[in-house]
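In what follows, a single structure is set out as structure tokens and then discussed.
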Ligand SMILES: [Ca+2]
Ligand SMILES: [Ca+2]
Ligand SMILES: [Ca+2]
Ligand SMILES: [Ca+2]
Ligand SMILES: [Ca+2]
Ligand SMILES: [Ca+2]
Ligand SMILES: [Ca+2]
Ligand SMILES: [Ca+2]
Ligand SMILES: [Ca+2]
Ligand SMILES: [Ca+2]
Ligand SMILES: [Ca+2]
Ligand SMILES: [Ca+2]
Ligand SMILES: [Ca+2]
Ligand SMILES: [Ca+2]
Ligand SMILES: [Ca+2]
Ligand SMILES: [Ca+2]
């Protein structure tokens, strides 16, 4: 794990804008069996590109590793880099997914953002991906087809 | 996004009756991958067409964009336009779905309304749609077939 | 909707015993797309046919309309008519389902009763039906086969 | 306990109208220390005296016994006797309290009814009483003065 | 109760603007003991006086009757009359309290509004009142002094 | 229903040890349509066969009746008969299922026990069965294959 | 702690009937400051003295130690000794409190039982005690006077 | 209300650092009766002054107005101004309280921050204030003395 | 069951480091029907291999026994052996699964760890396995493909 | 804050046994107003001094600072130092309180531990303290006298 530069390094600075290059990986030690890893990220915030007002979301990232895995402290810093960056809800979710696909080349990944309301309405984008040439390509389509049949109860309080 | 006229325009007036023409769209920037967008709308109210008494609902709208996407502030104003409009629960849900299909031509859409009770009984209509010529037509049937196997606990309090 | 006699009629009397003939219908205005309507009925009560003691349940009725739909105020009066009527839990649920099938000839219907406990045990019957000659016949079997894989937590408090 | 006629008697009939005389008592075996007994009664139902439609409530009865205590099976039958009886919410609660005071002459008693909504509004009456000549008279006033500073969240679902 | 004109009258029209004169009373049948009556009103909506956008709240009204009590159907119509009326959150709550004091001359009353958020912040005004010359004047001050020591958890979802 | 000996018989004694012969049946009155009946049994207790300490569980029994159905009061007495009987968690669940299969010859049955923890770990066995020669044999395998994909949150408090 | 005979002794047998003499104590190591110790006991069961049917409760015991404290394993065995013992709900709670007062001579103790329903009603007795000659005698009266102003929501499910 | 410059002004920019001067007031229209106004602010974020990592909190602000009241949109912008500002949890809460006292000169105010955990521990500061020369000075002391007797359950998930 | 050495043996010592050899088995007494056994283990803790700080998780283990079953007290000691052992979240879960496969040769097994957050993000790994040559190999793939479509709500509190 | 040695120092080692000397303080910057600081610590674990088995608790520490305040990272390390240390539940809570009193000399402090069950019973000790010569001495007695009138619902799951 000599390629990990962030974990255990106290002097690392937080990035000041969107910064995908801060993401780091380590090797999957269990390549013999497919398995899931989920990150629960309730501390996501970005800015509205039109009004500049802050947006807040909980983001759930779930993936099946291939050879590389994302290191969690670098993921924290990457998500932090949206803090003063302006993007729409749907774009944030798709961008996060694409950056992690590019980084890890995972077998499968999904990203679900659950934002707080503006004007009485909240928006929850969900995107997923399965690697071509694996059975996860079809699984991704199936998971999308069965996405969120039971929307959680929302009352804005 | 030059076609967006409502977001960031403070002078917009709230419509006084049912008003589908207020809906606006913007372009899907991620056409390469199907994904879901959900709107949680707990502040819906309309009038009973017979008695004139107000009805209240939380409405969940979930769709897979095609080329166009509905702009959320225009959606807010559109839903507001039912405020002094009279229609039955089932009709509200079907009308909302059909207006959004006409607006966006989405790959998939579903609308679920959860109303407050009258006379001790509450009514929750659910409608969905998949675009002909895409795999979402069959998915829509499958989602309908598997709709709400676990009804939420309701005790009217 | 000239055939609706109960909605908006203040002088209607509550029936004093089981009374399926009080049920009324109106026409489905959206026959072009299959959709679900659910009634949440937490105020159901009947009598035990042996001991005469009252039974209480929340009843969930969910159906896909065909040509006719049940009017909700008549449904309220119909369910009220079990108030002083004695029947077992399983029978109440099956009778309600069969009366509504006879009334509406729906594409699909399901009825789930969740009763309060007697002697420390509560009973929850569930019945469903899909119209022969439609794809809802097979869907009904599938829904029954997948019924309630996650029983809700019950502790009698 | 030879004065208990209902507990363990299977042949008892349910009363057909309001019936305070069915209430029975037994002797407090712990007169040396004041203590509370609470009855949770979620299966209460009566009729609206104007429209005849059924009302439903959960009733909480809490008291400090003096010499006599109410037997719980007779309490069940007494509450059942409201089933086909018409009275307003506030009256039901005050009547139940007064009947139990007359029956038991308790040191303290309180009755709280939480009804299901009609027309979007639910009503929760609360009455209490402390026996004159005991410190419970002042306690009753204090409990009333501090009643329900934290109303439970209600959304009619 | 011959002075009640709304309950059981199907032809009553919903008022089109703020309308305190629609409130009706009936006599307290239990003047011998102070007691509480609470109304849970989760279906309140008004308009923002500046932007015209709809506001939504659950309103809890709790009072100790004196000689007169507010009739619940008239209360429903009164609250409905804010639907197309513009007022700030704090004003709505104080106005409702003052109208009910004027109507009923109660011993005690409190009104708590819990609104949905705008711009990520929600506002919950609470006002109360105790009749001069009764012990409820001091109790009102005590209840205000102890108001809401445990704010409910809010996350805007 | 002349074969029911327990319901309505006050003099029945509680068995003092494991007692499957106490189970009674009645005839299914709705043999024309398959349906589910679920028993929620939160008051189950047995003894550990090694240490003699008490075990507690909530047991969920769900079945599709064939010709015979288990009478609920006899089920209560049967479950009571484990009270002073020693058996492991997994054995209790399998034995209950097998006794009910022998009694009713159901089309389908499943039994799920959720025990309280010992040494910081709790054990939840689940067994099911589908009658050979019916489509419920395959359904049983499918239900087992999809069992409990969403384990409930447990924190031992 | 040489007087503890049960903790760490695997060979101890469970008592077969009500058995207060099994209770053991150890010395309070913090006599300089009054403090509370609470036992949460959700696995209590006894028998109805009339019908022999099992009763179930969660019992909360909270006390302020004086010189002696009850050892928790002996408390477990003591509570187990009600398993095949018949007593009314109110009596169980008062007996447990009195046995622990006799054992420990505490400054303060309270015992609250929350039983599962029989016939649709559940009973929750609460008793407390403050040692004469200490300020806990008055505190006990105050705690009783303020007992359970917010009854938990009960729906028997 | 001519002194309100932010509400309804779409062109306002979000401040880039701590900015108490952005706060605005309007006049209390109900000075005749003391009442509470609570702001629920779940979207607060600041930076750790040592490590630069983001902190997140829900902040509850509750006050009794005197002559001036804080305008909610200016409060939103003020809280936003902590976004890129570094301060400890305890300091943020005290500073917010002091800024609002300076702005409004309220009769009473309290501020409670509930932060997300760092290193497995979360910190919740609470400060309050009562205006000298009013009865709210003593009430503030009483509220502090009774603060948070029932800490909410926290498990970091 | 003569091969069980830990259950009922008070003198067993807790292991001081990772110790899979402590695991013991007993024979499956119900080999005729496949069934599930789930262990809920909310008291898992290990050390971070880089920083040495403690990690905490709830671990859910669910399996379908073949010939041998894991004895629960030995499982407790095995999980305890991670207490002072350093391993990453993903590795702990995969190691536990592989140790149990090696021990029991089960038809199916899955292990899900839900850890508390570090730096605002929590990680939940999930691995599963189906025995080659049985239908559980395909079921394992299906369960993985359908894993966690509904992530639980996480807010780090 | 030059006396803080732990915050921001990555090389600090976790202590291997009970270690109160690791605690550090910083100065209270708001000595002008009394206020509360609460630490939520759900990751506490120690060992049973008799059996060596691990105990788990959530510990809530709440205090009113005087001149010095405990630094949160040092608190984390201090609580960690119980990990391989043996002490009874009541002793852990009293020791933590006394160590923090010695460290900070606070105006007020309370410590509440909520442990997971052993043998079906869980134990929750609560201790508090008010500084002599301040009004917090009396407040401490009052808070103890009013401790936990509403025990949380516990079912060991
Ligand atoms: Ca709600
Ligand atoms: Ca909510
Ligand atoms: Ca509810
Ligand atoms: Ca409800
Ligand atoms: Ca429950
Ligand atoms: Ca509700
Ligand atoms: Ca919420
Ligand atoms: Ca739990
Ligand atoms: Ca319940
Ligand atoms: Ca319940
Ligand atoms: Ca939590
Ligand atoms: Ca949590
Ligand atoms: Ca949470
Ligand atoms: Ca939350
Ligand atoms: Ca629990
Ligand atoms: Ca629990």
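Even glycines carry a Cβ here, placed using N, Cα and C.
Values in this document were obtained by computation on a predicted structure and should not be read as measured data.
Among the features that TrEMBL reports, active site, thioimide intermediate is placed at J:48. Here TrEMBL flags J:55 as active site, proton donor. For J:70, J:71, J:72, J:89, J:90, the entry in TrEMBL reads substrate binding site.
A distance of 28 Å separates the Cα atom of residue J:71 (substrate binding site) from that of residue J:48 (active site, thioimide intermediate). Residues J:70, J:71, J:72, J:89, J:90 are the ones the record ties to substrate, and the longest Cα gap between any two of them is 24 Å.
When the recorded positions J:48, J:70 are compared by the number of other CB atoms within 10 angstroms of each CB, J:48 has the fewest.
Counting every protein chain shown, the number of other Cβ atoms lying within 10 Å of the Cβ of residue J:72 (substrate binding site) is 22.
Summary for the recorded positions J:55, J:71: the Cβ-based neighbour count within 10 Å is maximal at J:55. Other Cβ atoms within 10 Å of the Cβ of residue J:89 (substrate binding site) number 21 in total over all chains.
Reported as a whole number, the C-alpha separation between residue J:90 (substrate binding site) and the residue listed as 'active site, proton donor' equals 12 Å.
For residue J:90 (substrate binding site), other Cβ atoms within 10 Å of its Cβ number 22. When the Cα of residue J:48 (active site, thioimide intermediate) is compared against those of the binding-site residues J:70, J:72, J:89, the shortest separation belongs to J:89.
Cα-Cα distances to residue J:55 (active site, proton donor) place J:89 within 10 Å, out of the binding-site residues J:70, J:72, J:89. Look at residue J:89 (substrate binding site): DSSP puts it in a helix.
With an 8 Å limit on C-beta distances, the recorded positions from J:48, J:55, J:70, J:71, J:72, J:90 that reach chain G are J:90. Filtering of the recorded positions J:48, J:55, J:70, J:72, J:90 by Cβ separation from chain H (threshold: under 8 Å) yields J:72, ordered along the sequence. According to DSSP, residue J:55 (active site, proton donor) is assigned to a strand segment.
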